[in-house]
Amino acid sequence: RVLLLHSSSCKYSVSFLSSLFGYQGSDSELKVEKDGVSDSESKVDSGLPEVPVPPDDTPEVLNKALSGLSSRWKNWWVRGILTLAMISFFFFIIYLGPMVLMMIVLCVQIKCFHEIITIGYSVYHSYHLPWFRTLSWYFLLCVNYFFYGETVTDYFFTLVQREEPLRILSKYHRFISFALYLTGFCMFVLSLVKKHYRLQFYMFGWTHVTLLIVVTQSHLIIHNLFEGMIWFIVPISCVICNDIMAYMFGFFFGRTPLIKLSPKKTWEGFIGGFFATIVFGILLSYVMAGVRYFVCPVEFNNDSNSFQVDCEPSDLFQLQDYALPSILESVTGWTTVRLYPFQIHSIALSTFASIVGPFGGFFASGFKRAFKIKDFANTIPGHGGIMDRFDCQYLMATFVNVYIASFIRGPNPTKVIQQLLALRVDQQLHIFNSLKAHLTEKGLLPALEEAAA
């Protein structure tokens, strides 16, 4: 077994060095078989155990109803019906409110983590690595404790300061998080077995990369949600729209292959999905920007001891007049158009969702080809696993979070006041005197006193 493992490792090293220095091989070596895997790739991967192919779990009702159709059209109807069901469920959880959305995000994160870790375990299960799955789930718990603790402390500061147990946990949160992770790290070191050092470190890295891809970015989704549900719904909807419209355009008009990692992706679908997503993003933003429930941040109300979504909408969600370029003015006959500023930002979100977002799917396709599997799981008939549906969403979540921090979010007076109230009295007086001196020096304080009188 050790010799086989060493031989497999050498083959992977040769493959890595060849790809690193640009070696492409001859045309015969690049020939792709019907299963989508080249001969050279099959030889290189011969030492890699294959992941068992999950059985077809399409509901029997659909199989009977679509039995007379070809496999191509049968797959089209199955994907379409299940897509409508998922969209309906998405609308339902939006109706239930932001807290339910956060719980759904957590559940999706756990399921995606489970699917990726299961692939790793399926590949290397024959080596009986000790504590692999236990430590993987333990690290997931530690990372979630850290991120959710940071979120609670940041967004619900008054609630945390009011409850003594929460205040203590918040004060020592990072130390507790580090102690938990350090415990798992020591457990991993103690679990090392002489014959399996390399494999165990492979799987240690596998777990941490999975945590980086899944947990970190799902945490950013929740941060986006706290900024207002519109920052959660519009980006996710744009990715869904692009996925659907690219599939539709590719299905009916696709002729030109887009990328080798996904042979079914076409340029026609890519371009059609782009324009459809831009139009969809502008229209959806116009509908949602006028509703307070969607644009207001999620905040904790101390008086009612509950979470609320109510505010005076910012300028970002107020209709404004925009002058049209001369070319559009000559075509439409309009000199100005009334838009929400958020609609301008939605163009950037839609563009990313349709141009860069699909690369998350291409990355997932490359990952699946590396392990000779079609889908991450068979949770959703016709769609694969949960990770198959969220491979682009995680990349989109990171972009939205960076976009908000760079172009949207400004200083938050509410959070500053909350932090000031948590200080000692002498510290508060010092800040008060410093602020008073600063306003007096600027000539603002006398004006404020006269206005108050």
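Each Cβ is built from the backbone N, Cα and C atoms, and glycine gets one as well.
For the ranges 85-107, 200-222, the feature annotated in TrEMBL as transmembrane segment maps to 200-222.
Contact counts against the transmembrane segment (228-253), taken as Cβ pairs under 8 Å, peak for 274-295 among the stretches 131-148, 175-193, 200-222, 274-295, 342-364.
It is 131-148 that, among the stretches 131-148, 200-222, 274-295, forms the most Cβ pairs under 8 Å with the transmembrane segment (175-193).
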